[in-house]
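Listed in TrEMBL:
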- 40-106: domain 'RNA polymerase sigma-70 region 2' (DOMAIN)
- 132-184: domain 'RNA polymerase sigma factor 70 region 4 type 2' (DOMAIN)
């Protein structure tokens, strides 16, 4: 079925948003609460992996970034300043580590095959065709567009939070998000027509 609404497009193409993180969860991690750390990991690991993958462009580096992110979150939780945006804090750490990973491998081409299918579908019954369509659709986006869509649809960040995280004006984030959804819609319309 062809999708035209932005919300419907997000729901079909991307998995359910990660459960919201609370400041108290990070503060409990800072106190050494291992159960809180496990809960933090369960709530955020898919978003961290997806975001890292959108930057580093391969599964192994994205996994490394994800693991390093949670190690750094555990170590830095004591310095966390509660401002009501713990997911943005975690993703800022992930972004910095992903960019560091890119700097480490400058001699490796950045346009490696993306493994969107590894994180994009949490529903095991989703058809292989849908996975391939998602992978192909996401490849039609530019890097920044892909990051904005990933952060909004997968991580549940608001556009204003994405703007702060990516150091972009809010209008730019909104424009990139809308343009990305239009590209995805056009791709799916074209694919369905063939």
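For all residues, glycine too, the Cβ spot is worked out from N, Cα and C.
Remember, it's a predicted structure, so these values are computed and weren't measured experimentally.
For the domain 'RNA polymerase sigma factor 70 region 4 type 2' (132-184), the model gives a mean pLDDT of 85.
Here the domain 'RNA polymerase sigma-70 region 2' (40-106) has, by DSSP, the following mix of helix, strand and coil residues: 57 helix, 0 strand, 10 coil. In terms of DSSP secondary structure, the domain 'RNA polymerase sigma factor 70 region 4 type 2' (132-184) contains 43 helix, 0 strand, 10 coil.
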